[in-house]
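Trainee: These came from TrEMBL, pasted as-is:
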- 128-146: domain 'U2A'/phosphoprotein 32 family A C-terminal' (DOMAIN)
- 147-156: compositional bias 'Basic and acidic residues' (COMPBIAS)
- 147-224: region 'Disordered' (REGION)
- 157-205: compositional bias 'Acidic residues' (COMPBIAS)
Amino acid sequence: MDMDKRIHLELRNRTPSDVKELVLDNCRSIEGKIEGLTDEFEELEFLSTINVGLTSVANLPKLNKLKKLELSDNRISGGLEVLAEKCPNLTHLNLSGNKIKDLSTIEPLKKLENLKSLDLFNCEVTNLNDYRENVFKLLPQLTYLDGYDRDDKEAPDSDAEGYVEGLDDDEEDEDEEEYDEDAQDEEGYNDGEVDDEEDEEEVGEEERGQKRKREPEDEGEDDD
C-alpha cells in the first residue's frame, strides 16, 4: 500500500486536524518522498514512518506541534535542515538505520532547540572516533543519544520511547498497578472469607432440605 492510501485509511473518517498520532510504518513511498501528508495535520504530535523507503524528508509539511518523529530504517542521507524548518518543536527524533555517515549531516539539528533525544543506531556515523562526545558537543541541547545521557545513564522508558509512547506507558503502568491492587484485595477477601462462604452454603442446603420435608406435611394438613 502506498503512503497516500495508508494516510487515507488511517484517518478513519476523521479530519486531518483531529489526528494527533499517525503511524505509517512499512507502507511504500513513491520516489523516496513523503506524500499525502499536508499542513492540515496541524495537531499532529507523533509521526512514524519506519521502513517506508524514504530518501528525503523534503516534502514534510509544516507541523508545528510535532514532538516525536520516527524515521528509522529508511535511506535518508541528508537534508535534515528541513526538520528544523518544518518541525521546530521536535523533542524526540529517531534516525536509526539510515545512511548518515558524518557529523556534518546532523549539524542542522542544532536549530531544534527542544530536541531532547536522538537515535542514530546502525548509522555509519556511530563508527566515528569519539562519536558520542562529538555529537553531544555539536548538539548541546540533547539529553539522550541512542538511549543514554552524557554519563552513560540509560534514559527512562518514557524518554527512550518518546513523547506519545511515554504517555501511553504511564497510563498502562497505572492500569497495571490498579489491577494488581484489585487482585490482591480479591485474594485477601477469598483467603479470609472462603470458609464462611462454605459454611453459608452448608446452612443453605440444610434449610432447603428441611423445607422439602415440611412441604409434604403441609400438603397433608390441607387435605384434612
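A Cβ is built for glycine as well, from the same backbone N, Cα and C atoms used for every other residue.
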Trainee: As a test of reading the model: what is the averaged pLDDT for the domain 'U2A'/phosphoprotein 32 family A C-terminal' (128-146)?
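Mentor: Taking every residue in the domain 'U2A'/phosphoprotein 32 family A C-terminal' (128-146) and averaging pLDDT yields 98.
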Trainee: Mind tallying the domain 'U2A'/phosphoprotein 32 family A C-terminal' (128-146) by DSSP state, helix then strand then coil?
Mentor: 8 helix, 2 strand, 9 coil
